[in-house]
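Take a look at the structure set out below.
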Amino acid sequence: MSAGVSTQQRQREMAAAVAAAAATSGAGRCRLSKIGASRRPPPARVRVAVRLRPFVDGTSGASDPPCVRGMDSCSLEIANWRNHQETLKYQFDAFYGERSTQQDIYAGSVQPILRHLLEGQNASVLAYGPTGAGKTHTMLGSPEQPGVIPRALMDLLQLTREEGAEGRPWALSVTMSYLEIYQEKVLDLLDSTSGDLVIREDCRGNILIPGLTQKPITSFADFERHFLPASRNRTVGATRLNQRSSRSHAVLLVKVDQRERLAPFRQREGKLYLIDLAGSEDNRRTGNKGLRLKESGAINASLFVLGKVVDALNQGLPRVPYRDSKLTRLLQDSLGGSAHSILIANIAPERHFYLDTVSALNFAARTKEVINRPFTNESLQPHVLGPVKLSQKELLGPPEAKKARGPEEEEIGSAEPMAASASASQKLSPLQKLSSMDPAMLERLLSLDRLLASQGSQGAPLLSTPKRERMVLMKTVEEKDLEIERLKMKQKELEAKVLAQKAEDSKEKENHCPTILRPLLHRTVTVAKPLKKAVVMPLQLIQEQAASPNAEIHILKNKGRKRKVESLDAPEPEEKAEDCWELQISPELLAHGRQKILDLLNEGSARDLRSLQRIGPKKAQLIVGWRELHGPFSQVEDLERVEGITGKQMESFLKANILGLAAGQRCGPS
Ligand code: ADP
Ligand code: MG
């Protein structure tokens, strides 16, 4: 008979939805700042391993045959107390038998999840089982047989040293906290003077314990220096089942903080919980009385709620009772939350453990169905967030802001991370820490910065350009614009003067040589005249022609039915231009002009564009903006698509620039 719990697929999906909701609870009150939090993270089932310890000296019943045995690397069977002919079979992610070593457990089930910490994700390892079944041995071990905690710390510190070495993209730091939950009180094991600490949840759904000591550690010796005396602070007592029965839940929290050394200066935080739970034994069999019974009751109450949380997650219930005990509140982001979790259920072979073993296995089987949704906990480093506009509350300053906050916000939103070492960042307002920046906007800024970096931008990164520097740059740009405007005004004045001078000269000529006046009839029929006003060419074209004076540009002329191609350099002067012949622009010249204009539209700077007729600074900016958004213009007529340029304006632009090009050439006579 298979006793592994087979929950319906639909229930599991609902549980996953509840898990995700639980992971992001609080998101409704304030926005998530996790990058990509808007996307649903992929699910990761809670992994469950069972470890059967060997018979140990000094335990009663060591001479009895074992009541449980392994079948393969994932399954085991235990006698069915209701029917001695049958056994109960269980299947898990891994089963470790009596002969398994500490290294087997660590390498098989714990080591693989450590890498997630460096991705900014959370992970947790929980040792569950009745008192005396080997939880502390598995988690802590002995100097000869070190358990999960020393091995994980050793590896993690090594990993962070390598990954955070000079020249690598991220700087890494590791901190540790150590606490126990004893009789529903949260006690700081690194500070024996601290009282009961409160567990809070921030606006991103992270579980926090404000005031909990956090020690930076860079080596295993550092870790031992803090951990060993703290372990002695643990509340232990004697019961009939175990000489040194743990009466409390011990939680070691290791945080890996990563800060990107280059733009866009992201920061990530991965949390690892290593938890040695208090015994799950049945209270009535321990022979506990008085204080011990009270302790046991509290322990079992916490574990009882843990069972309810697992059931609620499995059944997809709308309310998961995390808040009903300190233990489950603390585990909120590990069970049905954001962590990669592994539960190691420790069991003992002795017959008198039988009922506790069955209940531990049943709990483990139910936990196997819980689905977490781990996500990367990533934000921008506080110094990058200078330009974020402060809300009224931030501007009010701490005491006033406190008054302005509602009681709910006070409880939830004010909770700072347990960063004792991060005192500098604690001085920053929550807004400056990005917690309320729109994640979509943040993502766009990040990708823009990444794009600039990938294009080898030499300038200061967009997100990290200090505000003052940006102001100075803006001012310089403004001054330059003013200067350009002034120069343009001056140019106009000079042009007007030249025109006036010309008009005066021609008047004088008419007065002095009336004989060279053409007959009026001749003058009115010339077609070259209206084009004369369009003699201004794009600057580049004039420059090109000046550079290559011998370049031949042809104008196709019509005279009656006869067509003739002539070089512009033909030595015919203007005297004959007013002859009655129709001027047309050659298609080659037209195409050439169009191509030049198109090139200028696609490659010219705003300044270059202003050398074109009918293009002022505003239109030049519009063109550049359109080009950046939509890519190059495929034809000059696309100008009409630029917002702010009408079809009429586009036509007049074409006339002024392309036809102007033709009119700028000297027309040959027939
Ligand atoms: P728990 O923490 O669950 O109460 P312990 O870890 O204290 O249990 O284990 C009880 C006893 O069993 C200890 O003396 C421990 O050394 C021993 N023990 C537990 N697991 C093993 C194991 N896998 N191999 C050898 N001894 C073990
Ligand atoms: Mg123990």
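Numbers here mean position along the shown chain, with the first residue as 1.
Quick reminder: no glycine exception, Cβ is built from N, Cα and C everywhere.
The range from 114-146, 279-311, 477-509, 609-641 that TrEMBL describes as coiled coil is residues 477-509. TrEMBL tags one of the stretches 364-395, 396-427 as region 'Disordered', and that stretch is 396-427. Checked against ligand 2, the binding-site residues Gly129, Gly132, Lys135, Thr136 give Lys135, Thr136 as the ones with a Cβ under 6 Å from it, listed in sequence order. With the fewest other Cβ atoms inside 10 Å of its Cβ, the least crowded of the binding-site residues Gly134, Lys135 in this structure is Gly134. Nonlocal intrachain contacts for the coiled coil (477-509), taken as residues 6+ away from its ends with a CB within less than 8 angstroms of a stretch CB, comprise 617. For Gly132 (ATP binding site), the Cβ neighbour count at a 10 Å cut-off comes to 27, with all displayed protein chains included. Neighbour count (other Cβ atoms within 10 Å of the Cβ, all protein chains): 30 for Gly129 (ATP binding site).
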